[in-house]
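So that you can see what the record holds, here are the features copied from TrEMBL:
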DOMAIN    24-217  domain 'Major facilitator superfamily (MFS) profile'
TRANSMEM  27-48  transmembrane segment
TRANSMEM  60-78  transmembrane segment
TRANSMEM  90-109  transmembrane segment
TRANSMEM  115-137  transmembrane segment
TRANSMEM  149-171  transmembrane segment
TRANSMEM  177-201  transmembrane segment
Amino acid sequence: AYLKSKKDKKNHKAVAEKETKKSHINLFFISLGIRSLGIWAVLSFLPLYATDYIGLKPEISAWIISAYFIGVLLGALISSRILDKKQPLVLILSSTILTTLLLLAITFIVHPIPIFLVIGILGSLDGIFFPSLNTWLTFICPVDQQGKIFGILFFAEGVSATIAPTLYGWIADQFSLIWAYRIAAIPLFISFILFLVLHFLEIKHDKTYKAKLSLSL
């Protein structure tokens with residue numbers, strides 16, 4: 001009876017741990033989907049924004065996309081250095097709030113060089129965000145479910161990438177492209193709040209787990 005009771009308690013703890021991780025992953029996907037609604041607005045209209053609002057020639061405005069991807073490469077290099085020293089979720093939080101602020105900053109800049117610099121920094125933040133995202137999911141997901149989880153990840157990204165151009169294109173037609181960019185900062189900020197909630201939930205879960213572990217010793 002004692003062994004059965006001990007086994008039941010162990011099974012109950014395993015089920016509770018699994019449910020906690022599942023809820024954290026679900027919140028993560030919701031946060032990611034909302035964030036993607038904002039970031040895809042940036043990528044969808046960058047050349048148009050550079051041409052119509054900054055006054056660049058079409059050839060030069062196309063380089064702005066190159067500036068973004070150069071930033072992504074640099075960000076990926078930076079993330080490879082700092083991911084082992086920092087928690088992935090902290091990097092996700094940092095990159096998301098900085099992306100939100102820079103997206104708003106873009107709408108107040110009218111000179112080409114600062115725009116290129118800001119877009120490059122945005123790219124580097126994405127270069128930090130996605131490796132951090134993959135690392136966090138790898139840590140929290142059971143090995144036998146990682147294929148399914150990453151499939152859902154790309155599905156969520158795909159849905160947001162499909163919706164964002166149509167949504168912000170309509171906003172740009174109704175108001176202006178500048179306002180489309182400013183409104184795109186809203187889902188980015190909401191996702192930051194949700195990631196922050198997730199971060200505190202993880203801290204609380206870790207403290208509870210350590211407390212239970214110390215009591216069992």
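Note: Cβ is positioned from N, Cα and C throughout, glycine not excepted.
Not measured: the values here are computed from a predicted model.
The transmembrane segment (149-171) makes no contact with the transmembrane segment (90-109), as judged by fewer than three Cβ pairs under 8 Å among residues 6 or more apart in sequence. Counting residues 6+ beyond its ends, the transmembrane segment (27-48) has Cβ neighbours under 8 Å at 58, 61-62, 64-65, 68, 96, 99-100, 103, 106, 119, 122, 126, 133, 136-137, 152-153, 156-157, 159-161, 163-165, 167-169, 172, 177, 180-181, 184-188, 190-192, 194-195, 197-198, 201 in the same chain. Listed as Cβ neighbours of the transmembrane segment (177-201) (distance under 8 Å, sequence separation of 6 or more from its ends, same chain) are residues 24, 27-28, 30-32, 34-35, 37-39, 41-42, 45, 48-49, 52-53, 89-90, 92-93, 96-97, 99-100, 103-104, 106-107, 164, 168-169, 171.
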